[in-house]
């Protein structure tokens, strides 16, 4: 299952899925938010592909993680930046990989601290399954089933590429 | 690093170098200080949101243990803890059990029995936060909010944050600290921080009677003449004249002090045109600084207050995080030993 993935094919899939769901829901002015770091690279690409004039937001979820009481604070936290008011907006939340669903939960908690959005559409490039929370993407580039010792990571920003790693365990 | 290490770092840091108490800047390196500033930058952004709160310390109890009165420091620590979602207990020790004869150790034992997770300590005795950190139950983080003449590390770090915001970096900066250095725990911490972060020159400007002996050993040059000392400055930090700590005749008079070492517009004009003016507060207007300067365009005194909240959020969450990580580490060591 580690055959090379064509990043452009996945991005095409993501773009087509987003266009479809935006049309279905009648959303004509979405606000895009990427989760650091991979999600921000994807937000940059999708913002251009969808022709959104408004700058996209960047979310750093370090202050909202649910594992502070186990591992402490992420030492590489950077400020979140949402250059628009989320109150009443239709949001596209984008990340590179979804697995447990915990990152998305943290991201949604953080978004609500900026204001109550009208809706959130979740888009992820790769869905690895293995969910621990009832959080599902609305749009995904590709669903993958990895072996326990395999990891996948988005590298970028230029060029974007998908990297598989063997953990050796 | 062993428990016999003379530096306080066996106390302040976990064995992988994370903060677990914040007692002094002594022994802390540039990387850690930069981490604190970077984390604080992220908390500044939180302070600009509609909901100025993050859930990091939710369910934890922070006790503000102030053995010496303070308005600004205590309220910014309280606000910082609340913005981290902690529960906060403010203990004014002057009107509390110690005046009924309870010892410091007994007060601490009682607070620990209330399952406190962090003590923010201000004390008129140098070293009191160290003593508490050494005697407190493992897992409780101690933050120094000013001890005697020794240190005021969060104040120094909020000053560093303010300088970095306005100047971009510390490289090559000429910074002067003016006034009552002798009684100032803030000045000691500032000199230390500026040197660690790589400032070009740290100057103290004061009369000899208000300088500690061997002040140069702290890592600064000394200038007794203010007009000369103001030349080429990027940053001037005024200190409050600590009248309540004055013993004996260190000064001829307040008016004389203001004439020689007070910052007015004429003296400020001798510094670089973009020199920023800082003051840890509370300000004695007309004693160490002219109102026109304190309220003027080069003054960043109110930025310092805002930054104080962010710095305290950073230090509190980092120290709590270090305590948490350490407990987890010990737990897995224990599991490993059993396996």
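Cβ atoms here come from the backbone N, Cα and C positions, even for glycine.
According to TrEMBL, the feature domain 'Aspartate/ornithine carbamoyltransferase carbamoyl-P binding' maps to B:20-165.
According to TrEMBL, the feature carbamoyl phosphate binding site maps to B:72, B:73, B:122, B:152, B:155, B:281, B:282. Cβ neighbours of residue B:282 (carbamoyl phosphate binding site) (same chain, under 8 Å, six or more residues apart in sequence): B:71, B:72, B:240. According to its DSSP assignment, residue B:282 (carbamoyl phosphate binding site) is coil.
For B:100, B:185, B:240, the entry in TrEMBL reads L-aspartate binding site. According to DSSP, residue B:240 (L-aspartate binding site) is assigned to coil rather than to any helix or strand.
TrEMBL lists B:171-318 with the feature domain 'Aspartate/ornithine carbamoyltransferase Asp/Orn-binding'.
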Discussion item. Return the average pLDDT for the domain 'Aspartate/ornithine carbamoyltransferase Asp/Orn-binding' (B:171-318) as a whole number.
Written reply: 92
Discussion item. My understanding is the cutoff is Cβ-Cβ under 8 Å with a sequence separation of 6 or more in the same chain; which residues meet that for residue B:155 (carbamoyl phosphate binding site)?
Written reply: B:73, B:146, B:186, B:189, B:190, B:280, B:308
Fill in: Candidates B:122, B:152, B:281 (binding-site residues) with Cα within 10 Å of residue B:185 (L-aspartate binding site)
B:152
Response to the item:
What DSSP reports for the domain 'Aspartate/ornithine carbamoyltransferase carbamoyl-P binding' (B:20-165) is 67 helix, 27 strand, 52 coil
Worksheet item: Here are the binding-site residues: B:72, B:122, B:185, B:240. Which has the lowest count of other Cβ atoms within 10 Å?
Response: B:72
Worksheet item: Given the carbamoyl phosphate site residues B:72, B:73, B:122, B:152, B:155, B:281, B:282, which other residues of that chain have a Cβ within 8 Å of the mean position of their Cβ atoms, reported in sequence order?
Response: B:70, B:145, B:146, B:186, B:280, B:308
